[in-house]
Amino acid sequence: MLNQNSHFIFTILAIFLVLPLSLLSKNVNAQIPLRRHLLSHESEHYAVIFDAGSTGSRVHVFRFDEKLGLLPIGNNIEFFMETNPGLSSYAKNPKAAANSLEPLLDGAEGVVPQELQYETPLELGATAGLRMLKGDAAEKILQAVRDLVKNQSTFHSKDQWVTILDGTQEGSYMWVAMNYLLGNLGKDYKSTSATIDIGGGSIQMAYAISNEQFANAPKNVDGEPYVLQKHLMSKDYNLYVHSYLNYGQLAGRAEIFKTSRNESNPCALEGYEGYYSYGGVDY
């Protein structure tokens, strides 16, 4: 049953994937129904989510019941572990990129009971760091990760579950997550909050608009849509989402250094000598 619903589960858990861990921890007691009694394996399930971001890679392991109610893992709402740098830092060495995830994979396997690992879905979503790599560098890294999961893990995964999230997905997940935690979902669009997600490689902006604004919104034929339609908590929302690639913290810094590669940079302290690396390039 879990495998048949895995994409639905991933959609829900992606909400938690894009939230800062500290924010989730502060709000979880008020928003998420926790069941703090022990359950048998027949009534509990797990899901493993890898967040391959620009600044680092993280693994989130969630435990939940048959109704998708989150259950605690120890004293926490999830198992969380991270490593640095991110996959995009290994642009020229796909195998090393995949191997950087081994500690996270081992950590997840240590949490999920062995007898449940074969039915536990694993998905990896990469963000702007890989979106910005040139040529087939990103796909080579993803394939190396798929091989790692297939050869060194007993978790249930498919090639299409190891992929790159587009900017629209990132922005919409953040908007849904934030407004869920604020208790805004189900209310009129004017009562929702806009979100700005400043990542390492990109910035995502999202906010709800009226039906009239949606009807008059321009249509982007070739790229990601400007407006998404979401049905959440019995309410329809028109969600404007846009991702600004190269405007994230790390990518933006790299763009600054590109303009003054052979001369002093006013953004660096006077007398500083060193290198800044991003996306496999040294500045």
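Any Cβ shown, glycine's included, is placed from N, Cα and C.
Whatever TrEMBL says is automated annotation, not expert-curated.
Sequence annotations record features per position, and here TrEMBL assigns active site, proton acceptor to E170. Under the heading ATP binding site, TrEMBL lists G200, G201, S202, I203, Q204. The signal peptide annotation in TrEMBL covers 1-30.
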Rounded inter-Cα distance in Å - G201 (ATP binding site), E170 (active site, proton acceptor): 12
Between Q204 (ATP binding site) and E170 (active site, proton acceptor), the C-alpha gap once rounded to whole angstrom: 7
Other CB atoms, at most 10 A from the CB of I203 (ATP binding site): 22
For the ATP site built from G200, G201, S202, I203, Q204, further residues of that chain with CB within 8 A of the site's CB center: S54, T127, A128, G167, E170, D197, I198, G199, S243, Y244, L245, Y247, G248, A251
I203 (ATP binding site) versus E170 (active site, proton acceptor) - Cα distance in angstrom: 9
I203 (ATP binding site): secondary structure state under DSSP, collapsed to three categories: strand
Cβ-Cβ neighbours of S202 (ATP binding site) (radius 10 Å): 26
Winner by Cβ contact number (other Cβ atoms within 10 Å) across the binding-site residues G200, G201: G201
